[in-house]
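Taking it in order: structure first as structure tokens, then the write-up.
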Amino acid sequence: MAALDSASLLLGSSVRGLNSFLDTSTIIALSVFFALLCACIIIGHLLHGNRWANESILALLLGLCAGVVVLLVTKEENSRILSFSENLFFLYLLPPIIFNAGFQVKKKQFFKNFSTILLFGVFGTLISFCVISVGVFLLFEKLGITALNVKQHLAIGAILSATDSVCTLQVLSQDETPFLYSIVFGEGVVNDATSIVLFNAVQSLDVSDINGLTVLQLLGNFLYLFFTSTILGIVAGLLSAFIIKTLYFGRHSTDREVALMMLMAYLSYMLAELLDLSGILTVFFCGIVMSHYTWHNVTESSRITTKHAFATISFIAETFIFLYVGMDALDIEKWKASKASPATSIAVSATLFGLVLVGRAAFVFPIANISNLIKKRDSAKIEFRRQFIIWWAGLMRGAVTIALSYSEV
């Protein structure tokens with residue numbers, strides 16, 4: 001009996017310790033998000049093929065509905081059940097999204113149009129950054145917003161230069177319009193990487209000592225981060241291919257092959273962040289190299305597993321982000337904390353939207369026409385209709401913009 005009593009006491013203390021370790025509010029929050037993710041998958045399946053509804057819009061709407069429910073339950077005191085952390089986004093949600101983008105990209109079309117993609121994704125983002133930053137600097141003062149410094153103006157330009165082409169790609173068909181699809185997809189991924197590199201370069205800028213060399217310093221930091229991060233991703237991808245081909249893990253277990261690919265990809269991202277480089281660029285090019293070399297050195301079962309596993313993880317992470325954004329839009333605490341009048345808020349939103357339109361047009365149409373002059377083949381030229389679609393595709397702002405906004409705040 002004494003032994004049974006001791007065992008029951010030990011079990012009771014363990015359960016109490018487990019309950020104290022697992023916070024009830026966290027369990028509730030995660031349960032709600034998992035339920036919403038399941039709802040997104042089910043409703044998305046039912047609406048499959050509908051051009052006016054996709055997973056991103058659906059996740060936003062479900063997030064808004066969940067926010068309304070939480071507001072009603074808490075009697076308009078709170079609409080959030082989970083606190084957002086930029087570490088959660090940059091360490092756990094963003095890497096699988098970007099890696100899968102590189103892993104699933106159609107390499108033939110991507111590298112065939114690589115020069116055009118780089119023009120849009122790199123130089124276009126820089127032009128948009130300059131237009132938005134200068135516009136914010138000149139127009140915000142007229143709206144009565146004078147509390148921002150130079151670094152914050154530049155940060156706004158970098159944040160709003162990050163586009164999101166996911167919604168557009170769900171409308172475009174990779175089989176029917178391969179050229180347009182590769183341009184929009186490639187530019188979207190390179191643009192996200194460029195925006196993050198640009199944002200990090202702005203954050204490290206010393207605004208107290210601005211002179212004629214500041215622009216060159218900013219450009220130098222950007223180029224260093226861009227090319228160094230790219231090289232690191234390529235090296236990590238080639239190393240994974242060499243290890244798997246040399247040791248031939250598949251003869252014992254395909255699980256080891258899949259695990260090594262996942263860990264090597266994530267390790268490349270963490271090494272880039274540890275070295276103050278761009279993890280998003282590193283893991284993107286690591287995904288491209290792995291899909292071309294590592295993927296062909298694993299067994300057939302591992303190929304099928306990795307293809308679907310990476311896509312599934314990426315889908316869940318992206319849907320989770322849009323769910324949170326929809327719920328966070330009704331954060332009553334942020335609305336109360338804002339000291340601006342409704343008229344000022346509308347004016348600021350309209351100004352930023354106008355600058356995004358102008359900044360996008362400032363590089364899409366000129367770069368497209370310059371590319372047309374260089375290209376000799378008619379099939380590689382971008383006519384005005386395609387230019388308009390590319391311009392429209394970049395008007396949406398997605399997860400990267402949101403995460404950068406949170407980190408700036």
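Each residue, glycine too, has its Cβ placed from N, Cα and C.
What TrEMBL records for 44-405 is domain 'Cation/H+ exchanger transmembrane'.
Residues or ranges marked as transmembrane segment by TrEMBL: 27-47 (among others).
Annotated transmembrane segment per TrEMBL: 56-75 (among others), in sequence order.
The feature transmembrane segment is assigned by TrEMBL to 87-105 (among others).
Proximity of distant same-chain residues to the transmembrane segment (117-140), defined by a Cβ-Cβ separation under 8 Å and at least 6 residues beyond the stretch ends, is recorded for 110, 146, 148, 150, 153-154, 156-158, 160-161, 182-183, 186-191, 193-195, 198, 222, 226, 348, 351-352, 355-356, 358-360, 362-364, 367, 370-371, 390. Per TrEMBL, transmembrane segment is recorded for 117-140 (among others).
Per TrEMBL, transmembrane segment is recorded for 179-202 (among others).
Sequence-remote contacts of a segment are chain residues at least 6 beyond its ends whose Cβ falls under 8 Å from one of its Cβ atoms, and for the transmembrane segment (222-244) they are 122, 126, 193-194, 197-198, 200-201, 257, 260-261, 264-265, 267-268, 271-272, 275, 277-279, 281-290, 293-294, 297-298. According to TrEMBL, the feature transmembrane segment maps to 222-244 (among others).
Feature annotation from TrEMBL assigns transmembrane segment to 308-326 (among others).
The transmembrane segment annotation in TrEMBL covers 346-368 (among others).
Per TrEMBL, the feature transmembrane segment maps to 388-406 (among others). Listed by sequence, the residues of this chain that lie at least six past the ends of the transmembrane segment (388-406) yet keep a Cβ under 8 A from its Cβ atoms are 56, 84, 86, 89-90, 93-94, 97, 120, 158-160, 162-168, 180, 183-184, 187-188, 191-192, 195-196, 199, 318, 321-322, 325, 356-357, 360-361, 364-365, 368, 382.
Most Cβ pairs under 8 Å with the transmembrane segment (56-75) belong to 27-47, among the candidate stretches 27-47, 87-105, 346-368.
Outside the transmembrane segment (87-105), and at least 6 residues removed from its termini, the chain residues within Cβ reach (under 8 Å) are 185-186, 189, 192-193, 265-266, 269, 273, 279-280, 283-288, 290-291, 295, 306-307, 310-311, 313-314, 317-318, 320-321, 399-400, 402-403, 406-407.
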